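Heads up, the thing below is written out as structure tokens.
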Amino acid sequence: MWLLSLSSSSWWNAREQDTRPWGSTSIGSKEESLSDTEVNGSWTPQEKALHEARIKAKAKRRLRRTSSRDSTRESLSENTGDPGTEPTSPKGKINTNDRKSRMGKGRGGAGGKGVWGAAGMVYEMEEPDAKDPNYDESYQGDTVYATVTPELEEQDLEKTVTPIVQEYFEHGDTREVQMLLKELNLGQHRFEFSSLAVSLSLEGKASHRELTSRLLSDLVGKGLTEEDTARAFDRILKDLPDLILDTPDAPQMLGQFVARAIADHALPLDFLDRYKGMVDCVHARAALDRAAVLLSMKREIVRLDNVWGVGGGQRPVKHLIKEMNLLLKEFLVSGDVSEAERCLRDLEVPHFHHELVYEAVIMVLESKGDTAIRMMVKLLQAFWKMGLITLDQMNRGFQRVFGELPEISLDVPHAHAILESFVELCYQESVITKHLRDTCPSRGRKRFVSEGDGGQLKN
């Protein structure tokens, strides 16, 4: 009976514990501890006090946790306007890993960094910032692209300028040189272009020096200044001792360059005055003296156009014919083939050498005696072997005489006979070809016989 009553009492206490409300956890725990003490009855007073202290501390923690949840629920209710949300519900929890804005703005498009903005929102135009990583200057207006040419170094200057000057000696177009110089960035070495051009022309022909003087005159104000030209001639005057080794006449030619440049306003008018009493080099003094003499002689002339002569095919035809006649007359007097060769080369008209052949044959037809014939054959033979007169030029010169022989015979009655002997001698000396000799015109001699022959005309 006692065992049964104990079991009934335990079952009743368990049922009462199950039917207690959720909010009475602390009171139930206390009653449970007292009932356990009454049932077991084996605890000491110290153990009982310790057990009660633990239960009170546990109750305090539960009350503290419950009060913090209630305060959180109240704050969320005030912000969201939903007072009925439980703290333990998903809507009441705050997820610290959530990327939504805590200011009530999120990916809905209400603004912020990296978002498009609210629907219907109109943005004002903002001034572009050049420091912005996304700044694109192509959208800020017209874009101008410019080619930047690096400055030409001094060691590469001669390799670049020399071909330009040599080509200019062939075509003589100063505008092309000006265009090429614009493509080069000479920088502080601009004056060295003029010094290189003058140095190259000193080693060349008279026509090259004439072209160089024209080039210096045309480039002033179009890429070069008078001071650049002055610096160039300063450099050449200092280099005269070295230039004389290759060109013995360099001081005289440089003086002519200086005089022509001053007359063409390519050099300052006071260029010579800068050197008065300041020149120690003998060659530089000779060049400056030559320039001063030329300028004093040509004071009335604005340009010293004839300081180098008119070069090559730019000379008038009448002037070339006159020069060739003088050349042939001097040869008949001196008999110097080398001097005649130099004069012909200085004319620089290889395409016009047929005129020399023509003038030589005419001079032979107009001469008296065999001396002129022998000397002209010697001269033509020398020019033929040197290559100064080509086969085409030789044939053309003789054929011109053949075609004009009837008119020549009016002034020179014996022209046919002299021409036949001269052509035969030239053929024997291998000056002309057999075909050219055979084409030489000949006039048959005709005479009337006596009356007894019946008045027949015999050849």
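One is the number of the first residue shown, and numbering goes on along the chain from there.
Using the three backbone atoms N, Cα and C, a Cβ is placed for every residue, glycine included.
Remember, TrEMBL labels are computer predictions, not curated facts.
According to TrEMBL, the features are:
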{"type": "COMPBIAS", "residues": "1-12", "note": "compositional bias 'Low complexity'"}
{"type": "COMPBIAS", "residues": "36-45", "note": "compositional bias 'Polar residues'"}
{"type": "COMPBIAS", "residues": "56-66", "note": "compositional bias 'Basic residues'"}
{"type": "COMPBIAS", "residues": "67-76", "note": "compositional bias 'Basic and acidic residues'"}
{"type": "COMPBIAS", "residues": "79-88", "note": "compositional bias 'Polar residues'"}
{"type": "DOMAIN", "residues": "156-277", "note": "domain 'MI'"}
{"type": "DOMAIN", "residues": "319-442", "note": "domain 'MI'"}
{"type": "REGION", "residues": "1-113", "note": "region 'Disordered'"}
Over the domain 'MI' (156-277), what is the model's mean pLDDT? 88
Taking DSSP H, G, I as helix and E, B as strand, the domain 'MI' (156-277) contains 92 helix, 2 strand, 28 coil
For the domain 'MI' (319-442), the number of residues DSSP places in helix, strand and coil: 99 helix, 0 strand, 25 coil
Going by DSSP, how much of the compositional bias 'Basic residues' (56-66) is helix, how much is strand and how much is coil, in residues? 11 helix, 0 strand, 0 coil
